[in-house]
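Chemist: I am attaching a structure below and will ask some questions about it afterwards.
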C-alpha cells in the first residue's frame, strides 16, 4: 500500500483517532453519580493512557488487538452513559459497545460486560475477523475489554513466580558453571560487597533465560527475570516495544546484535548480575541461530520460553523474512490475511522447533500460554507439546490454594495511596516473608503506568482481608480516594484454557468451561462492581473462556459487605474447581477455609 492509501485507510477507520490522548481523571472530584460508576469511568480511560496501552489511538490496550472499546463512538457513549448511570441501574456492554441500561439494585454490578464470545462451532479467527471488519465485534483479550489493565505490572509477579519456581525445580542443587570461581550462588565473593544487580538466594544467579516478545504481556518478562536473579535475553521484532520497556524500566539495556547480546550475557552471568537485555529481531530467525551456536559449543540458555503474540497470526506474529512495514500493510488488507496467517504459522513452527531443539539439549523449556505449540502442531510439528505449559509445570499448586494475581488501583492517582496499602498488606500478613519481599521489590523496581497500582498474589482467606482493610482505610480518610480491586482473568477459578491455565488437569477436564461461567455468575450474585465474560484471551479464538471481576472499596458499610462476599467467593471458586478435579491441596484448603463443597467430604 502507498502512503496515501494508508492515510485514507486510517481516516476511514472508526477505531482510529490520531488526536486522542486519554488519561484517567485523578483526585476526589466525581464525574459520575457515585464512586462505583466513577471507578469504571476512570479505569476505562486508564486502559488507554499512552503510558499504559500499547496502541491507544487504535483503542488497542495489549495482546495484538485487545481493545478497551469497539470504536471511538462506543468509547464516548460508554463514558456518557456512566456519567448518567444511577445506583440502581446496570450498563450492559457487548463486545465494546454499550447496548443497554436496565433497572437492577444497588448491590448489583454497575456494568456487565461480554466480549468476543462466539458459539463454539463458529469460534475461530475467520468468523471473528469477518464480524470485526463490519464493526460488529471486538477482541477484549482479558483485562483490555474488562477495564482493569495496569500495564506490564499486571503479569510481572506471575512471571516472576514462574521463573523463581523453575530455578528451584531445576537448579537448587547446582550453581551455574558461568559464575566466576569464588563467587557464591548469590553472586558474591566472600567478604565482598554485592552489586545492586545481584539477587541474594536466587537459584538463577549466573544463569540466563531466553525468550521473545516485549508487548504488554511479554514486556513483564525481563523485569520478572531480573527480580528472580537471572540474566535474560528477550527478542522483539519492533523497536517501539523495546523503547517502551526501556522507558518504563522493565528492560535494562538493548544489545546491538546477536554477538553483542551473547557477550553481554556471558559478562553478567560471570558476575552473578541479574540484567535484562533486549535484542531487535525475529525469533523465528534468531532462535535457530542460537541453537546452531549452542550445538557448536556456544552459550546455552538455562530456561527457554516465549511470549510473542502467536495467538493472533494476523496481528501478533511477524513472519520470518518480512519487514514490519510489509506486515502492517498485510494486516490492513483483508485479501492478504490468509497468506499472512500461513506465513506466520510456518514461522511459529520454526520457532517451536528451535525450542524443542533446546529441550533436547536438556534445557528446561516451557510454553507461556500464547498457543504457539498448537500453531506449530497444526503445521506438522507433531511433538510440539513435548514441552509443558507454565501452569502445570510451575503455577498450579498456587491455584489450588486460591492464589492468583490480586491487584488494586488508587483512584486518587497519588502513589502514596499505594505505598500505604503496601504497608497495610505487610501489617495484615506479618509472617509472610514472600509477600514482604515481593512488595519491597515492586516498590523499588516497578514504575507505575497510568493510575498507581499494585499486583500481589494473594489467596483464599487473604484477598478479602486485604479488601476490607483497604475499605477501612478509605473510611478513615487514610487514603485520598477509593481503591479499585481486581485481578487478571488468568486466575485460579476464572478460566478454561486447555493450552494454558487448565492444561493437563488431573481429571481431564481441561476444556470444561462451566467453571468460568459459574465464577462470573457467582461474582454477579455477590455484588461485584463490574463483571466480564470473555472468549479467546491469551490463546486466541476457540481456545479459552474466562471471566473478570472488579470491586470498589469506597469506605462504606455496603462496600464492606460486598467485599466480604466477592473476594471470598472469587478465590473460593478456584479452590472449588481444583478440589473437584482431585487436587489434595485444594481439598485441604477448602476444608481449612470452611468452603461448602457438597460432593467433597
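Backbone N, Cα and C atoms are what each Cβ position is placed from, and that goes for glycine too.
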Chemist: Ranges 135-156, 179-200, 223-244, 245-266: which does Swiss-Prot label region 'Disordered'?
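Modeler: Here Swiss-Prot associates region 'Disordered' with the stretch 179-200.
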Chemist: With Swiss-Prot as the source, which of 82-111, 172-201, 292-321 is set down as region 'Insert'?
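Modeler: The range carrying the region 'Insert' annotation in Swiss-Prot is 172-201.
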Chemist: How far is it from residue 307 (NAD(+) binding site) to residue 456 (active site), counting Cα to Cα, in Å?
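Modeler: Counting only the Cα atoms, the answer is 21 Å.
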Chemist: Counting other Cβ atoms within 10 Å of each Cβ, which of the recorded positions 310, 318, 456 scores lowest?
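Modeler: Selected from the recorded positions 310, 318, 456 on minimum Cβ neighbours within 10 Å: 456.
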Chemist: Spatially, which candidate from the binding-site residues 63, 216, 310, 318 is nearest to residue 456 (active site), comparing Cα atoms?
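Modeler: The smallest Cα gap between residue 456 (active site) and any of the binding-site residues is with 216.
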Chemist: What is the Cβ neighbour count of residue 307 (NAD(+) binding site) at a 10 Å cut-off, with all protein chains included?
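Modeler: A 10 Å sphere around the Cβ of residue 307 (NAD(+) binding site) contains 24 other Cβ atoms.
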